[in-house]
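Let me begin by presenting the structure, written as structure tokens, before commenting on it.
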Amino acid sequence: MAKRDYYEVLGVERGSSEADLKKAYRRLAMKHHPDRNPDDKASEELFKEANEAYEVLSDASKRAAYDQYGHAGVDPSMGGGGGFGGGAGGANFSDIFGDVFSDFFGGGRAGGGGGRGGAQRGSDLRYTLELNLEEAVRGTNVNIRVPTLVNCKPCDGSGAKKGSSPVTCPTCGGIGQVRMQQGFFSVQQTCPRCHGHGKIISDPCDSCHGEGRVEESKTLSVKVPPGVDTGDRIRLSGEGEAGTQGGPTGDLYVVINVREHAIFQRDGKHLFCEVPISFTDAALGGELEVPTLDGRVKLKIPEGTQTGKQFRLRGKGVAPVRGGGAGDLMCRVAVETPVNLSKRQRELLEEFRTSLENDESHSPKASGWFEGVKRFFGDL
């Protein structure tokens, strides 16, 4: 099968710059690399094709020969340039595109810091703190126990036995990176001996085995301000994992999770609750006590109250953590139908029902609904 035009393979114009070629190649290689597409022969062939095209077009002399003579100008069997060394196994995926991924993800683990080698910031930690609604609304002080990594005391975080110190890595010369030739690529990789630190420990500390850090659980006091809600974060600066090679300590983020309440539901600064009332109180009106976070308050129920009616108790909600006035407590009435009636109670209700017959003024919604039903069926 005839080879495709190399510019077509990369999806660029013939006059494209070296930067455009590189950008197009990386996009294709990231998409079709075998590490991303295992057992996908089609992607493997596209990756090889992109490698071949980029090797030629990224080399000024090969590109000139290709532009003048086409594939014949770079085909060794026809007296052209050298062969292709990339192939599907050419360069390591993570090494070729490490700088691309650094742009996407900021490099390394979330909360880490610094470049390769040398001092690196410790990772940030996350701790989920469960609170009940009252604690979240009023604020509280809580002691938490957090597992973390701290500097090893015997070696003071160096990883080397007392009396010794880390030495410059002979493999990378202290840079933390080595340059390797893989196919037609020359790529920079993390030094396999010092793992990017630039130094090695020839006599490791017995306590941390050369790591410079050890696991430890810390007890911390967390001051929770009033008004927090699920998802709010409290940052404890410097309470994360210890850094390496003398790097700064990370932070601890305490993430709030407020448990469900038996009575109240929260929406921002407002609270909601359902208040059951008897149908006699709903019909005749009355006064009842309802709970709030500050204690019980009296709520006046007017006569003729229907299920779903909502009453607002101003200022009985939550004062937001970021300031502002307290929200309201919204009490939604739910009229209960009586059950387990005595004989006398049933008789009274029967009398009451009889007294309502043919008098629609007592149930305006019901009468209106029935009228609507009649019109509906009359239109069919």
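Each residue, glycine too, has its Cβ placed from N, Cα and C.
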May I ask you to indicate which of 114-135, 224-245 is given in Swiss-Prot as region 'Disordered'?
224-245
Going along the chain, which residues at least six beyond the ends of the repeat 'CXXCXGXG motif' (152-159) come within the CB cut-off of under 8 Å?
165-166, 201, 204-208, 210-214, 242, 244, 246
Considering every residue in the domain 'J' (5-70), what is the mean pLDDT value?
85
Near the repeat 'CXXCXGXG motif' (191-198), which residues from the same chain, at least 6 beyond its ends, have a CB less than 8 A from one of its CBs?
116-118, 166, 168-172, 174-178, 244-245
